[in-house]
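S.K.: Below is a structure I'd like to ask you about.
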Amino acid sequence: MTTFAIAALTSSARFPLKSRPDAVFRLGLVIAAVILAVDQISKVYLIDLMIRYPGGIEVTPFFNLVMVWNRGVSFGMFAGEDMRWILVGITAAIAVIVAFWLRKATNRWLAIGLGLVLGGAVGNIIDRIRLGAVADFFDFDLIFMRWPAFNVADMAIVVGVAVILLESLFQGRKSDKMPS
């Protein structure tokens, strides 16, 4: 077996760990950049589409494309114009903290989660600055509940937080199993 093949089979080659902090950081940044690009491109396309179909588009009986301008946070809380810049500042501060945390990350799952959160946060910051509100489109109307409209950035933030929590849970289990 070649050295390359052996390296490809080892966990350090497949899963960047403490020995490769720059690779972990770059992974998180790439994920953040991809999420940001997909979020902003989807918003440009869907805003244009929703101008032509102001009543929304029924994709399936339970999923619609709609145009919702979220001037506040979840469920429209803190929606005043004066809150816009406060929300930009708070979200920017959180994004900076996440970026510093990403720089210190030592495993790929944490970097993936942080990259998702960072990309989503920056996407929503751009909306608030450029558009005055966050553009939401995806609307699920399930039998038992109607979910508030959301966008790619929102999905990335939720999935990113879930990945961070799961990574933390499994990391904690690993350290519990290690002998003292």
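Cβ coordinates come from backbone N, Cα and C, glycine included.
TrEMBL feature annotations, pasted as is:
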TRANSMEM  23-41  transmembrane segment
TRANSMEM  85-102  transmembrane segment
TRANSMEM  109-129  transmembrane segment
ACT_SITE  Asp136  active site
TRANSMEM  149-170  transmembrane segment
ACT_SITE  Asp154  active site
S.K.: How many other Cβ atoms sit within 10 Å of the Cβ of Asp136 (active site)?
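M.R.: That number is 21.
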S.K.: Below 8 angstroms Cβ to Cβ, which residues of this chain, lying six or more residues outside the transmembrane segment (85-102), approach it?
M.R.: 25, 28-29, 32, 72-73, 78, 111, 114-115, 117-118, 121-122, 124-125, 128-129
S.K.: Measuring Cα to Cα, tell me the gap between Asp154 (active site) and Asp136 (active site) in whole angstrom.
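M.R.: Per the Cα atoms, Asp154 (active site) and Asp136 (active site) stand 9 Å apart.
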S.K.: Just how many other Cβ atoms lie inside 10 Å of the Cβ on Asp154 (active site)?
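M.R.: Looking across every protein chain shown, the total is 20.
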S.K.: Does DSSP put Asp136 (active site) in a helix, in a strand, or in coil?
M.R.: strand
